[in-house]
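Colleague: Right, I'll just put the structure down here and ask away after.
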Amino acid sequence: MADFWATSLGQTLILLAQGLGIIAFVMIGLLLLVWGDRKIWAAVQMRKGPNVVGAFGLLQSVADAAKYVFKEIVVPAGVDKPVYFLAPMLSLVLALLAWVVVPFNEGWVMADINVAVLFVFAVSSLEVYGVIMGGWASNSKYPFLGSLRSAAQMISYEVSMGLIIVGVIISTGSMNLSAIVEAQRGDFGLLNWYWLPHLPMVALFFISALAETNRPPFDLPEAESELVAGFMVEYSSTPYLLFMAGEYIAVWLMCALTSVLFFGGWLSPIPGVPDGVLWMVAKMAAVFFVFAMVKAIVPRYRYDQLMRIGWKVFLPLSLAWVVVVAFLAKFEVLGGFWARWSIGA
């Protein structure tokens, strides 16, 4: 039997099982994210939120998904049908694809590649094409304006996110996400994690993640008061559901990246307590809680404010931080965190 799993067919079946496992985890997380988002928002507004379908309203997301699937797909006149239907599918597939390099535990990763960080950013950069295609193919000015906003917004904040992660890569000496987690292992638990040496950049990374995923207060591409639903105005039923699923999966991915890069991934925060996948999921849930709270309490920015913050504040700060981290690593000024990799050695 062991010989069978070593064959090409056996390896293919293993990869298929891993892929299905990742999809199941992400989809279950998607349903819980939507439920949690609505519950947290309701609590802030002193409402109950979903509380009828299932215990504590847990099945409300399933009921809503079923409602969208069984609704009629209304296709407006004048749309480019192939591109119109391809756009939401592309958004969902790309959002799922980035998960193949995310480690959930030691050895629990589908593709443990040495350029995992680059892979995630490459796939995330492609997600904007689904939005642009949907806005352009809808043959309407509101979706098109929303898609243009999204393209400019995502490109602007990807630059800052990339520079912030360069600082983490310098500290670790690797672009492998599993190696980044292991580099944060130490005798002092959470004090060994990168949130401490990179503290100024954790907040910038989180805010950039909000803008990258079009979450409030940076949800300008789908601003209800201005563009109704932005690039999704002309979508209904299953295509609309695919767009929304892609957005929440991208948010879930950013929660995972934040946990891996700055909060030790699957590592236990308490010395002596075993590491494991539960710690990873708990950290992702904690990051999403902050996402949801920001959505509930922070008002939306104007578009000019959004772009000004990205280019005039975040970009210079993140670039300066890369220089600082490179200097500390090169000359081993502080040792410890910064002596992991000697640049040019």
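Cβ atoms here come from the backbone N, Cα and C positions, even for glycine.
As the structure is a computational prediction, the values presented were derived from the model and not from experiment.
The following feature annotations were taken from Swiss-Prot:
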type	residues	note
TOPO_DOM	1-15	topological domain 'Lumenal'
TOPO_DOM	36-86	topological domain 'Cytoplasmic'
TOPO_DOM	107-110	topological domain 'Lumenal'
TOPO_DOM	131-156	topological domain 'Cytoplasmic'
TOPO_DOM	177-191	topological domain 'Lumenal'
TOPO_DOM	212-245	topological domain 'Cytoplasmic'
TOPO_DOM	266-276	topological domain 'Lumenal'
TOPO_DOM	297-313	topological domain 'Cytoplasmic'
TOPO_DOM	334-345	topological domain 'Lumenal'
TRANSMEM	16-35	transmembrane segment
TRANSMEM	87-106	transmembrane segment
TRANSMEM	111-130	transmembrane segment
TRANSMEM	157-176	transmembrane segment
TRANSMEM	192-211	transmembrane segment
TRANSMEM	246-265	transmembrane segment
TRANSMEM	277-296	transmembrane segment
TRANSMEM	314-333	transmembrane segment
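Explain the structural surroundings of these features, please.
Modeller: Residue counts of the topological domain 'Cytoplasmic' (36-86) by helix, strand and coil are 29 helix, 0 strand, 22 coil (DSSP-based).
Nonlocal intrachain contacts for the topological domain 'Lumenal' (107-110), taken as residues 6+ away from its ends with a CB within less than 8 angstroms of a stretch CB, comprise 15, 18-19, 22, 99-101, 177-178, 266, 277.
Beyond its flanks by at least six residues, the topological domain 'Cytoplasmic' (131-156) meets 76, 78-81, 83-84, 86-88, 90-91, 125, 211-212, 214, 218, 220-223, 227-235, 243, 303, 306-307, 310-311 of its own chain at Cβ-Cβ distances under 8 Å.
Long-range contacts of the topological domain 'Lumenal' (177-191) within its own chain (CB-CB distance under 8 A, at least 6 residues past either end) are made by residues 101-103, 106, 109, 112, 116-117, 168-169, 171, 260-261, 263-271, 340.
The helix, strand and coil residue counts that DSSP assigns across the topological domain 'Lumenal' (266-276) are 0 helix, 0 strand, 11 coil.
Within the chain, the topological domain 'Cytoplasmic' (297-313) has long-range Cβ neighbours (under 8 A, six or more residues past its boundaries) at 44, 149, 152-153, 156-157, 159-160, 208, 211, 216-220, 223.
Beyond the transmembrane segment (192-211), the same-chain residues lying 6 or more positions past its ends with a Cβ under 8 Å from any Cβ of the stretch are 153-154, 156-158, 160-161, 164-165, 167-168, 171, 180, 184-186, 217-218, 254, 257-258, 261-264, 267, 287, 290-291, 294, 306, 310, 314, 317-318, 321, 325, 334, 337-338.
Panel annotation: around the transmembrane segment (277-296), residues 29, 33, 36-37, 40-41, 44-45, 104-105, 108, 206, 210, 215-217, 251-252, 254-256, 258-259, 263-269 of the same chain, lying at least six beyond its termini, place a Cβ under 8 Å from a Cβ of the stretch.
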Colleague: What average pLDDT does the predicted model assign to the topological domain 'Lumenal' (266-276)?
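Modeller: For the topological domain 'Lumenal' (266-276), the model's average pLDDT rounds to 86.
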Colleague: Can you find at least 3 Cβ pairs under 8 Å between the transmembrane segment (87-106) and the transmembrane segment (314-333), where each pair is 6 or more residues apart in sequence?
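Modeller: The transmembrane segment (314-333) and the transmembrane segment (87-106): touching, no.
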Colleague: Helix, strand, coil: count each for the residues of the topological domain 'Lumenal' (107-110), based on DSSP.
Modeller: 0 helix, 0 strand, 4 coil
